[in-house]
Amino acid sequence: MSNPIKIGIGGPVGAGKTQLIEKVVKRLAKEMSIGVITNDIYTKEDEKILVNTGVLPEDRIIGVETGGCPHTAIREDASMNFAAIDELLERNDDIELIFIESGGDNLAATFSPELVDFSIYIIDVAQGEKIPRKGGQGMIKSDFFIINKTDLAPYVGASLDQMAKDTEVFRGNRPFAFTNLKTDEGLEKVIEWIEHDVLLKGLT
């Protein structure tokens, strides 16, 4: 059984977590063996969405119904996600990379370091220019931070420049990107981070 790298994807409901996984997997699945675990409170809606996109065979995607508070299942009691990892590896023992999508949660949600090796936190512009200024733990502690749906900025009166400045205050030099996942704008920066910082491509 392999020991795959695990990347957690966190963020509020509707920020673009599932779409991010779809886009990234579509790019990376040609080069490596990938699995996905989704967390939803009472349904397996995100699992169904990913299955319907066809980015991976159905046996490489597992939906976890967390119940209650979704952040508990990725931090305080991650047993359901550990079980899902074991099941994925029993189905496909060649898996090299697993994405674990959290249920939509608040800005304070973070992944247990025992569950994932790296984490990405994603918000969207429509949630307000002030979100990066709030400095939630998900944004501050994640290895990579994404501000999605940049095309909506003019409609909600958000300044991307101000959001970038506020992000840099809390994250320092830690990487982040603006994206519009609908058009793939900014996706390349996310892919590059995964390839170079997570998969260590190009290092000898």
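Cβ atoms are placed via backbone N, Cα and C, with glycine included.
Straight from Swiss-Prot, the features:
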- G11, P12, V13, G14, A15, G16, K17, T18: GTP binding site (BINDING)
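For the binding-site residues shown (P12, G14, G16), fewest C-beta neighbours within 10 angstroms: G14. Note: the GTP site is recorded as G11, P12, V13, G14, A15, G16, K17, T18; in the same chain, G104, I122, I123, D124, N148 also have Cβ atoms within 8 Å of that site's Cβ centroid. When the binding-site residues V13, A15 are scored by other C-beta atoms within 10 Å, A15 scores highest. The Cβ neighbour count for G11 (GTP binding site), using a 10 Å radius over every protein chain in view, is 28.
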